[in-house]
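Enquirer: Here's a structure for you.
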Amino acid sequence: MRLGKGLVAAILAGSAGVTAAQAPAAATPATTATPATTATPATPATPATPGASAAATLASPDRPGNAPTGTVTLITGDKVVVTAAGHRVEPGPGRQVHYASQHRDGHLYVYPSDAHPLVARGLLDERLFDVTQLLTWGYGDARRDDIPLITQSAQGDVPALRSARQDRRLSALGMTAVQVSKKSAAETWKGLAGDGARTLTAGRTKLWLDGRRSFTLDQSVKQIGAPEAWKQGFTGEGVTVAVLDTGYDPTHPDLKGVVTQARDFTGRDDTRDTDGHGTHVASIVAGAGEKQRGVAPGAKLAIGKVGDHVIEESDLLAGMEWAAAEVKAKIINLSLGAPDTIDMDPIEQAVNTLSERTGALFVVAAGNEATSGTVLSPGSADAALTVGAVGRDEKVAAFSSRGPRLTDHAVKPDVTAPGAAIKAANAGGGADEPYVAMSGTSMAAPHVAGAAAILAQRHPDWSGQRLKAALIGSAAPNGSAGLYEEGAGRVDVARAVSQQVAATTGNVWASFPWNGTGERVATRTLTYANSGDTPVTLDLAADGEALELGAKRLEVPAKGEASVELTIRAQGKAPGDYPGVVTARSGETVLRILAGAFVEPESYTLTVKAIERDGELPRNAMGVLYQLKTDTYRQLSFDDQGVAKARVPEGEWNLYVNVFASDHSTTAHQPVTIDGADREVTVDARQGKEITFTLDEPTAVQDGSEEITVANGSWSQGWSSFGDDVYAVPIRQPGVRYMAGSTWHKKNARPSPYRYDLVEYRTGGIPDDLSYTVRTRDLVKVSETYRAPGGPGSASVLVGPRLPGSPWAGGAWLSHSPDMELPATMTHYRTPGFAWATGIATGTHWVSGVSQVLDRRPVAEVWNAAVTGPAFGTSAGDRDGDWLHSNVDGILADGRAGLMGGDYAVTGTIALARGGEKLAEADLATCEPAFTESCQLDVRLPAEAATYTLTASAQRPSVLSTKVEAAWTFRSERTDKARPLPLTAVRYLPEGLDDHNRAKPGSTTVIPVSLQRNPGASRPRVTSIMVEASFDDGASWRPVRPVRSGSGWTVRVANPAVPGFVSLRAKVTDAAGDQVTQTVTRAYAVG
C-alpha cells in the first residue's frame, strides 16, 4: 500500500558537531523546504545509521530543565498535549489548519497557521502560544477551564468576544480583561480573527494573554541619606505613595496610621498580607515605628493588593489604574516583574500611558536575574524609574539584574539602592518577631519610592518625570561599576533635596540603523532648572565616545531654565553600545544625565517571496529566520501578495518557510547569506517533492497527521498539518538532518490491534528521492500491554522516535491512540536503530519513558503496572552553596527503571526540617508559580553541616497508590557548586498481577525491589533494608524479608484470602547515614 498523506517529516539543520533537537512534536504536518532563489536539487543524502542496538530497557527522559507537562488549550481552540517525552497537537472542533512548533530558550511554542500572521504583525501576544509558559503559570487544562485575556481597542468599547466573560474594564488604558471558555475557544477565535488572519475584528488593536508576574532598615535608610533630608524637614509629608504588592499587615505597629487607603484587586476582598512581601516593602517606604523608620515616615500609603505569591496582569493593571487615576498617588512602587520581550507588553504600556496622563512616577524593581540584559518588565518601560540593588559596601549586589535594555540597548537600571539583607516589618510576626531581613531589588525599589516622596514634598509641583530626573541626576556612582550595572549610581536623597539645580530629564538615548557610511547623528536638548534665588553656572562634561556638548559652561538663571544641545554622533562607529554620562558641576552641586547610543549591526533588507505549487499567490505562508551563531530569530510576516521583509544583520542565516494550500503544504529550508547588500529570495513550492511511504501490509492505512521539523541545538522548528499531502524541497547542506515519519493502523478497526511507527532519517540535507518502501520483516515488533490501574478506564498513548543526539527527549509523536479502553494490548512495528519515547495518560496520571536503541529483536512492554510510587525522572534536588533546592516533579511512576510520571490532581506537601523544626513547606496543589505536577522548595541554609529531613506526601484520586509518602534524612553543608541531594527511591515491580494490577486471594506475590538514586548523587553501600506489608491501609504492618537478587532484592508477600489491598513500607539506610522511609498505601489490589 502506498500513501503520501499521514506522514511526519523533519529537517534538522545544524552545523557540524551541532546536534538536532526537538521535543516530540505534536501531530505536525510534513511540509516541504523550497529554496528561495534557485536551489540546486540535492544528490541523495547520506543515510543516518544510529549506533549499535541495545536491549529494550528504558532510559531516563532528559527534558531540558524540569519542563512542565500537561494539556493546554490555545485561544484558537486547539489543544497541545505535552508529556515528559514530547508534545502533540489536537486540532480544535472544525479546525483544518497547519501548525508550527518552535523550541527556543527552553520553551515550546505552537502557532496555528491562522494565528501566526497576527503574532508576526504584533496584534497577538506571543505568550498565548508559549505552551511552556502557559503550563508553568497554571493555565493548563488540569488547572483552569478558561483562558484569561486582555484586549485593547483604540475606539473605546468594542463588541464582546463570543463565549467570553468580561472580568473588568480598564477605561484609562483602553483595555478590557476577559475570560474565554476553553470549550468554546474555537468559536471565539472565529469571531476574533479578521479577514485573511491579518487583522483583529471590531477595532481591536491588540490581544494579550493575561499573564503572571512575580515579586522580585536600619542602615539602609541612612545609606541613601534619608536622615539628612529629615533634618531639613522633608519626610514625605503630604505625599501619597501607592504600594501595589501582596497587601499589608494592618496590625503591625510600624504601619498604623500610615495606610490611608487599601483595596484588593485579586477578587478575595481582603487586603491582609499572607505572604509578607507587601508588608516588608510598605514599611521600607514609610514605616513609622519607634525602632525602625522607613525612608519617608511622613508619607501616607495607599495599599493595593494585586497578588499573593504571583500576580495576574489584569489585577495589576486595575491596581495601577486605581493608584494613578483614582488615588492620584504621586509615587507608585512596583516590586515585581517578568522577563522582558522585544514587543511592548500591557504592563510596560500602562506604565508609560499612566505616567504621561497622570504625572505619577512608577518606581520599579530591576529584577534579580544577576546577568547582563536581564532587566525585567515593567522596569524596561521608558517612564519607569528602574532600581537595581547594592549592598552595605555600595557594591552592586550579585543578584541584581543588569542592562542593557533588550529592545534598544538603552541604560537600565536608572539608579540603585540598598537591597541586600534589608530588615523591615514582618507580617504576622507580632511582638516576638516584628522585623525580618529580606534581599532583592524588591527591597531596593521602595527605598527609591520613599526618596521620591521626600523629593515630592520638597517640590510638590514637579511631575513624576521631573522627580525621576532629579533622583538620577543626584545619584552617587560607585566608581567601579559600569553604567549597565548601576545606572547613574546609588540614590542620594539628601543631595536631591539640597541641590537647587536639577536636570529636567534623566536619560537620553539614540538608536541608529546601519546605513553604511551614511550619517548617524542625533541631537537632544538638555535642560537644567534652577529653583534657587541666585543664578548658577554649571561646568559641563560629556563622558562617552558618542557624546558632544554644544557648550562647556551654562548659566542657569534664578527661578529659570537654561538648555544646551547634546549631539549623539555615531559616525564611523562600529556596531555596538555607546553608553555615557553628561555631568554638570557647580561647587558641591553635581548632576548626571545618562546618555548614549546603540549602532545596529551591519544590516540589510531580506525580501522573501512565496509561490504556491500552482504558480499563484499562496493561501497562507509562515516563516522564520534563525541564526545559530547569535541564537537570534526573526518571525516573518507575509502580506497578501506572499511577500515578507525583514531587517537582517550580516552573516549566515537559515530560512524556514511553509507554504500552505487547502490540501497540501510545502516546506522550504535554505541557508541565506547576508553580505553587504539587500537580498531577495523566492520560495517556490513547485520545487517540492512529495514524501510517500509504501508498506507491505495490505490491511493497513496511514494516519492523517504530518510533520516536518527543523532543529539546531536549543532551536527547533516544526510544521504540522492533518490529512494533507506533504512536500519537501531536496537540498544538499552539511549539518542539515532530515527525518520523515509515518504511522499506520488497521483499516476500519477501532481500536486497531497494531500500529506501524516508521522513520526515515538522513544527514547532510534532504534527499532527492522522498519515496520509501518498508517491509514488516525489517521492523522491530514491540508487544505492548496497557493495564487498567485498579479498574476500568481509558488512556491516551503517544509514541515517537528519539532523534540521535537530541537534548530533547524525542523527535515527533508519530502515533497517537486516544481514548483507548483499558486494559488493552497492541503490537507496534517500529523502525529499528532508534530509541522510542512512549507517554501514557490515564485519568489525571501520566507516565513516560524512552527506550534504549532498538534492534530487530522482539520487545515486550507493560504500562500502568503497579506499584506507582516515588521515582526520579530528573534531579529531585541539590545543594548549591547555601541554597537547597528540591523539586518532586515526576515523582509518581511504576517500578520500571527510566520512567517518570505525575498526577495533575495530586494534593499534599513537600517540606524541609532540621532538628524537628520545619524550615519550609510547599503545597503541591496550590503553590505557584509552579509546574503543573510539582512544587519546588528553595531554602537558604547555614553553611555548617547539619542533619535535614525532606518529606513529601502525595494523595491521588485513584484506586491504587492512593497515598505516597517519603521521608529522606541526610547530612548537608555548604557546597562549592550544585551537588545532587543524596536521596533514594524504593521501586517495586510485583510479578504475576493481572491486567487490573490484582493478585489472586491467598496467593504469594514475588516483588522485585530496586533502589534508584537521585541522578548524579553518590551511591554509598546499603547497610540495611526493611520492607513491610499492610492489609488494612497501614493500620498494622507485617515484616517481609528482603532477599538479595542481582543488583536489588526480592520480597514475597503472602496475600490475604479475601479481596482487598496491599500497602508497602520500606526503610533503607546506607553507609553515609542517608536514610529513606517510604510508604505506598494500596500499592496493589487483591481480588
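Note: Cβ is positioned from N, Cα and C throughout, glycine not excepted.
Those TrEMBL annotations? Automatic predictions, nothing curated.
Taken from TrEMBL, the feature active site, charge relay system covers ASP245, HIS277, SER442. Residues or ranges marked as compositional bias 'Low complexity' by TrEMBL: 29-61. Among the features that TrEMBL reports, domain 'Peptidase S8/S53' is placed at 236-481. Feature annotation from TrEMBL assigns region 'Disordered' to 29-70. Positions annotated as signal peptide by TrEMBL: 1-20.
Locate each feature and note its surroundings.
Expert: DSSP gives ASP245 (active site, charge relay system) a strand state. All protein chains included, ASP245 (active site, charge relay system) registers 28 other Cβ atoms within 10 Å of its own Cβ.
DSSP gives HIS277 (active site, charge relay system) a helix state.
DSSP assigns SER442 (active site, charge relay system) to a helix.
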Enquirer: I need the CA-to-CA distance for SER442 (active site, charge relay system) versus ASP245 (active site, charge relay system), whole Å please.
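Expert: Cα-Cα, rounded: 10 Å.
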Enquirer: Under 8 Å Cβ-Cβ from HIS277 (active site, charge relay system), six or more apart in the same chain: what's there?
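Expert: Spatial neighbours, sequence-distant, of HIS277 (active site, charge relay system): PHE215, ASP245, THR246, SER335, MET438, SER442.
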Enquirer: Have a look around SER442 (active site, charge relay system) and count the other CB atoms within 10 A of its CB, chains all included.
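Expert: Its Cβ has 29 other Cβ atoms within 10 Å.
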Enquirer: Tell me, what is the mean pLDDT of the domain 'Peptidase S8/S53' (236-481)?
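Expert: That region's mean pLDDT is 94.
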